[in-house]
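Step one of this worksheet: look at the structure below.
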Amino acid sequence: MIDLTGKTSLITGASGGIGGAIARLLHKLGSHVIISGSNEEKLKSLGNVLKDNYTIEICNLANKEECSNLISKAPKLDILVCNAGITSDTLAIRMKDEDFDKVIDINLKANFILNREAIKKMMQNRYGRIINISSIVGISGNPGQANYCASKAGLIGMTKSLSYEVATRGITVNAVAPGFIKSDMTDKLNEKQREAIVQKIPLGTYGMPEDVANAVAFLASDQASYITGQTIHVNGGMLMV
């Protein structure tokens with residue numbers, strides 16, 4: 001049984017479906033959760049569900065100073081889950097430099113800053129769990145998402161490098177790469193589009209946000225103390241690597 005009692009977890013992008021599921025599960029397992037995002041209303045709604053043992057931190061990940069401050073404001077930090085991310089999809093020949101840059105800045109650079117600042121804090125206690133949320137397309141690629149795929153592939157490479165650097169300090173760094181997870185985005189697909197995607201998934205269905213949360217909870221636990229530098233794929237077999 002996973003027990004996170006006494007641990008403090010910071011989850012970015014907690015106002016979204018996957019981030020909310022992660023926050024709820026880590027909280028259920030006993031962790032104090034710092035839920036962060038840019039949508040205060042949604043964070044407050046999540047807080048109403050959690051009821052206690054949580055803190056809300058509003059943060060704009062496009063602002064480097066806010067990224068650093070988000071970590072420094074936490075009096076204690078045992079678990080960091082970098083879940084926030086954005087998309088700005090179009091074919092490469094139509095993609096503007098600023099569309100590429102803003103996705104890289106939030107999905108990769110902001111997460112690097114969060115990882116770096118969290119490591120500084122975790123090194124003091126010689127303990128930490130960092131979980132970066134990547135994506136299936138960080139491995140497979142996807143047309144119209146050169147910027148997003150680059151950011152998610154970069155996140156996996158960064159995770160591996162950091163895991164080498166901090167392994168002797170009691171800190172593990174891993175990634176979780178979700179496949180097609182049921183969300184507001186997938187709900188907008190028409191029936192034909194949904195069927196085409198499901199046909200590519202051996203388990204024959206979309207994943208749920210809770211499936212991703214379960215992988216995160218395991219990596220955040222002491223049961224995963226001998227796992228670092230790895231990417232856990234939660235995709236129903238859609239991509240086997």
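Residue positions begin at 1 at the first shown residue.
Note: Cβ is positioned from N, Cα and C throughout, glycine not excepted.
Among ASN83, ASN111, ASN115, ASN214, the residue that Swiss-Prot places alongside GLY13, ALA14, SER15, GLY16, SER38, GLU57, ILE58, TYR148, CYS149, ALA150, SER151, LYS152, ILE181 at the NADP(+) binding site is ASN83. Sequence-distant neighbours of ALA150 (NADP(+) binding site) (same chain, 6+ residues apart, CB-CB distance under 8 A): PHE100, VAL103, ILE104, LEU108.
Sequence-distant contacts (6 or more apart, same chain, Cβ under 8 Å) of ILE58 (NADP(+) binding site) comprise SER36, GLY37, SER38, GLU40, LEU43. The candidate set comprises the binding-site residues SER15, SER135. Of these, SER135 has the most other Cβ atoms within 10 Å.
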